[in-house]
């Protein structure tokens, strides 16, 4: 008698098959990568402190001009060159929504939210692109790169032109490949529009039109067996007309405004001239070249730069070759190791928090870059796509070799080489690898890249020194927590022995010496490398030693240009001198407060606007005795209800307009013996441009505060 099969097997087997089938479905993996990618981006955003409102770099320029566009509806070019406008209009739209909600900072959050959404959308797009060009495994590997690789995680958080440019570039390539597979002209129209938007964000996208034309021409020529020109012409027009029509309004605007043919911007010619200028060539620096440009009217600068470049090309053409090799080497560096262990500063980026992710990303980058030539130069590949890739890679290399290398300029190189590298890695284990003559060029290129990467830096020594530096830094932080001053100093000195040029470490050590009252030693430690956090410590040192004018200059510059909220940083970093009265807005108040606008002056009176919520910290020279009064000198343009919290006591103060008034509040008696008073302030905000005719001020303001004192 045959016994029946166990029920559990009959019941479970179909379920297991369903799970196995689900796991094998790419959509599951792509969806999982999108979820992980979202988590990584939100985590990075949470630890990211750079804020364009306080920046003098490109992100600060973009924010200021986008804010002006959102407030006034007027687009203004940068003061010394004409920059691409595409991302400015996008930023302005988001900031406008933030203004409707009462705070332009909400607009910054919306910009990042949209950019993160676009970067997540690239994951399935990248998968489909790689699947169409190669196979499903390549699609999954490339999708993983777009989801997990450190530069892709950081990119959408930046308030720069590159997030929009990179998204449009990737979609442009995907649309070209969709056209190759279906021959529907609508895909070409979309490719033209997306490349135009990419060019309006970063003008190198203009040259992508040449590579796209090559791709379309070769693809159409191959399909039609070289017999019919009409389909090729139709395809080219389907791409070029939308491309030109998208850019043409901006070109027309430039001509009407400047009476010169400026397709999008003057950024490329200006940067090239600065790099080749007499001032830079003779060692006087870029500042002189920029000063020359600023003295020339905007409408004449492109003609001046073009004439200067022609002169240099005719008289000293070797200037153009001066930096080709060192810049070419710099393209292939290990990016995170360069940022974390080689550069003198993190420049506020949270590199220490993401070190593991960054190092894994560098290893992945190394694998992909060295693998890419075996597919890019291998047999059996679509020559049209290969021409498109080589065009972008070659042009990007040439551009940065002539001018200068920044990681964000390398995005097209990274895009194509990680795509082709993914295709090579996807084949590992599927076929027996054997070297033949047709693979020899790919092997030579791969070995050449390996030589470039590993000969550029002594990476083993750099990593060893970097690890020693970070171990010493961790020991210093642990000793600080324990209150072991001797161990703190020893650890900081070990840190600077491992990396003597690490400016961030110098600033950390110097601020500890400042807190210890060892001012001369702090000046010796901090060195001269210009970082904003270093200048914060320098300003605090000057203030502590009574050099108030030098302190004002340094602290004001830090607050306006640091690229982060310097008020909160100063409260966290500094232990300013005890005082019973704080005058706001004189630039010597940094370290005592946060939540306020930059300092302002009316006659001899300095003040700051409270921006909704803020705090003032008063370290006292003597403990409270229990009968003190808090005085606040305030002014408002309209009746405002101010909430003041001292300890566990909350007061509601009705601040009246009509000039400066002093308000008195009792300090809670239970704070007797305290050596510090923290005053929390909160008031509803208004946007001046909405209330006062002719104003373009879009700061959320509430109450003017001139002085806070404990009597």
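A Cβ is built for glycine as well, from the same backbone N, Cα and C atoms used for every other residue.
The annotation domain 'Glycosyltransferase RgtA/B/C/D-like' is assigned in TrEMBL to 90-240.
Among the features that TrEMBL reports, transmembrane segment is placed at 27-48 (among others).
If you look up TrEMBL, you'll see 80-99 (among others) marked as transmembrane segment.
Here TrEMBL flags 105-127 (among others) as transmembrane segment. Long-range contacts of the transmembrane segment (105-127) within the same chain: residues 26, 30, 33-34, 37-38, 41-42, 45, 51-53, 63, 70, 90-91, 94-99, 139-140, 142-143, 145-147, 152, 155-159, 163-164, 167, 170-171, 174, 419, 700, each at least 6 residues beyond the stretch ends and with a Cβ under 8 Å from a Cβ of the stretch.
With a threshold of 8 Å between CB atoms, the same-chain residues lying at least 6 positions outside the transmembrane segment (158-177) that come near it are 52, 58-59, 62-63, 84, 86-87, 90-91, 108, 111-112, 115, 118-119, 121-122, 125-126, 128-129, 132-133, 187-188, 190-191, 194-195, 197-198, 201-202, 205, 208, 212, 215-216, 385, 388, 408, 411-412, 415. The transmembrane segment annotation in TrEMBL covers 158-177 (among others).
Positions annotated as transmembrane segment by TrEMBL: 184-201 (among others). Residues 84-87, 161-162, 164-165, 168-169, 171-172, 175-176, 178, 208-209, 212, 216, 234-235, 238-244, 246-247, 250, 264 of the same chain lie 6 or more positions beyond the ends of the transmembrane segment (184-201) yet place their CB under 8 Å from a CB of it.
According to TrEMBL, the feature transmembrane segment maps to 207-224 (among others).
Here TrEMBL flags 231-252 (among others) as transmembrane segment. Taking Cβ pairs closer than 8 Å, the transmembrane segment (231-252) reaches residues 85, 179, 185, 188-193, 195-197, 199-200, 206, 209, 212-213, 216-217, 219-221, 223-224, 261-264 in its own chain, all 6 or more past its ends.
Tertiary neighbourhood of the transmembrane segment (354-376): same-chain residues 40, 44, 47, 134, 145, 148-151, 153, 332, 334-337, 339-340, 386, 389-390, 414, 416-425, 439, 441-443, 445-446, 449-450, 453, 470, selected by CB-CB distance under 8 Å and a gap of 6+ residues from either end. Among the features that TrEMBL reports, transmembrane segment is placed at 354-376 (among others).
Proximity of distant same-chain residues to the transmembrane segment (383-403), defined by a Cβ-Cβ separation under 8 Å and at least 6 residues beyond the stretch ends, is recorded for 133, 173, 176-177, 180, 204, 207-208, 210-212, 214-216, 218-219, 222, 268, 271-272, 275, 320, 323-324, 327-328, 331, 376, 409-410, 412-413, 415-417, 419-420. Annotated transmembrane segment per TrEMBL: 383-403 (among others), in sequence order.
The feature transmembrane segment is assigned by TrEMBL to 409-428 (among others).
The feature transmembrane segment is assigned by TrEMBL to 440-459 (among others). Within its own chain, the transmembrane segment (440-459) has Cβ neighbours under 8 Å at 328-330, 332-334, 337-338, 342, 366, 369-378, counting only residues six or more beyond its boundaries.
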Same-chain residues at least 6 beyond the ends of the transmembrane segment (409-428) with a Cβ under 8 Å from one of its Cβ atoms are 126, 129-130, 133-135, 137-138, 141-142, 145, 149, 151, 155, 162, 165-166, 169-170, 173, 204, 331, 365, 367-376, 389, 392-393, 395-397, 399-400
Other same-chain positions with a Cβ less than 8 Å from the transmembrane segment (27-48) and lying at least 6 residues past its termini are 112, 116, 119-120, 123-124, 127, 140, 143-144, 146-148, 152-154, 156-157, 349-350, 353-354, 357
